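Read the structure below first, then the notes.
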Amino acid sequence: MKLLLTNIKELLQVRDTAPSMLRGSEMKELPTLKDAWLLVEDDLIVDFGKMTDLNTTSVDKTIDCTGKIVLPSWCDSHTHLVYAGNREQEFVDRINGLSYQEIAEKGGGIVNSAKKLQESSEETLYQQSAKRLEEVMLLGTGAIEIKSGYGLTTEAEMKMLRVAKKLGENYPIQIKTTFLGAHAFPTDYKNNKEGYMDLLCNEMLPKIAKNKLADYVDIFCEEGYFSVADTHRLLSEAKQYNLIPKIHVNQFTALGGIAAGVEHNALSVDHLEVLTDDDIEALKGSNTMPVALPSCSYFLSIPYTPGRKIIDAGLPLALATDYNPGSTPSGNMNFVVATACIKMRLTPEEAINAATINGAYAMGLSDTHGSITKGKKANVIITKEIPSYGYLPYAFGSNLIDSVLLNGQEL
Ligand SMILES: N=CN[C@@H](CCC(=O)O)C(=O)O
Ligand SMILES: [Zn+2]
């Protein structure tokens with residue numbers, strides 16, 4: 001099946017050879033082609049160029065993109081999309097004055113979601129999650145990472161990961177899975193934290209690895225959750241199963257977890273709303289991608305990750321949604337890109353790079369996703385008629401997507 005997109009007003013993120021990631025000032029550059037065409041064969045991008053150079057090829061279908069911009073689909077490298085029910089009541093509790101931490105201390109938060117998930121059948125969990133996945137695909141997400149972490153028992157963690165894997169089999173979107181059993185201490189282990197660490201290391205990790213349920217391992221390194229010592233222990237244990245770390249760190253406090261992540265060659269360190277100069281130094285010279293989650297800051301009214309400072313220090317930055325029931329009940333990458341520009345002072349070029357090429361890196365998908373490059377997956381967003389790509393973050397509340405191609409198929 002050959003599909004030709006013609007008269008594209010501007011084709012974004014055009015790279016003959018795509019870099020695996022973009023750092024610092026490299027993020028300011030967004031290569032584009034104006035008045036362009038793009039040829040897709042089956043699930044791959046096979047060629048592109050300027051309309052003036054188009055030799056008519058015989059194709060099965062042509063899509064006229066007059067006035068429209070085409071860009072690679074968003075790469076959302078941090079989500080908790082598989083969850084049961086919602087936490088709307090906690091949202092109201094926060095409006096009425098309770099903090100996110102106070103709600104967690106009263107038995108709400110992650111353990112509240114774990115209770116709902118443990119009580120849900122695998123089928124119900126799949127149906128609820130599939131609905132969310134379908135929504136974000138139509139919002140332009142073409143590759144996504146999904147974490148466990150609302151199970152907190154071996155069986156429930158495995159149930160979450162099986163659901164995430166099944167979604168990847170049934171939908172034309174690349175899904176990477178992450179084992180986040182170390183998301184919170186379950187109520188039964190409140191006074192036996194070492195016991196839960198033992199369960200994670202001696203039972204959950206080996207079973208999850210044996211069943212090939214996860215690509216990555218994660219831990220919530222935070223005051224009141226898992227310590228830096230716990231982080232070292234889990235990440236060291238995970239190495240024997242080839243589970244690469246992607247960690248939750250520096251959301252509320254800087255404990256030294258970023259340096260720990262870098263020491264264990266984490267693929268990414270995520271959140272970073274609180275970031276010290278030592279943290280920035282620890283990231284320099286590493287291959288670890290800092291990931292900002294601006295929708296979480298928006299929803300919880302906590303500081304935004306200092307993205308400007310990170311990029312100005314010469315570091316890379318990726319943007320992701322953090323889609324989850326507690327801190328970010330939204331999987332909309334368009335909002336993430338806009339909020340990064342509005343609140344973190346990223347330029348549109350930096351934000352688009354962070355949400356495509358750098359997001360792909362943070363999922364180990366640099367070779368196949370994140371740019372318009374021959375041989376990469378034909379995953380693209382076709383916008384409505386808009387004046388320029390800067391209009392995407394500028395008109396932040398509008399749905400500017402006309403249509404989406406995933407693996408070369410129109411959704
Ligand atoms: N901070 C840790 N985990 C999630 C939120 C978990 C929840 O509140 O359910 C996050 O990344 O924001
Ligand atoms: Zn998260």
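Using the three backbone atoms N, Cα and C, a Cβ is placed for every residue, glycine included.
Annotations in TrEMBL come from automatic prediction, not curation.
Record check: TrEMBL places Arg87, His183, Gln251, Ser327 at the 4-imidazolone-5-propanoate site, and the matching candidate among Tyr150, Tyr216, Tyr361 is Tyr150. His248 is the residue from His248, His264 that TrEMBL records in the Zn(2+) site together with His78, His80, Asp322. Note: the Zn(2+) site is recorded as His78, His80, His248, Asp322; in the same chain, Thr79, Lys147, Asp270, His271, Leu293, Cys296, Ala320, Tyr323, Asn324, Thr328 also have Cβ atoms within 8 Å of that site's Cβ centroid.
Mean predicted confidence for the domain 'Amidohydrolase-related' (69-408): the pLDDT average there is 98.
Reduced to three states, the DSSP call for Asn324 (N-formimidoyl-L-glutamate binding site) is strand. Filtering Arg87, Tyr150, Asp322 by Cβ distance to ligand 2 (under 6 A) retains the following binding-site residues: Asp322. Same-chain neighbours of the N-formimidoyl-L-glutamate site beyond Tyr150, Asn324, Gly326, judged by a C-beta within 8 angstroms of the site's C-beta center, are, in sequence order, His80, Tyr83, Arg87, Ile110, Ser113, Gly149, Pro325, Ser327.
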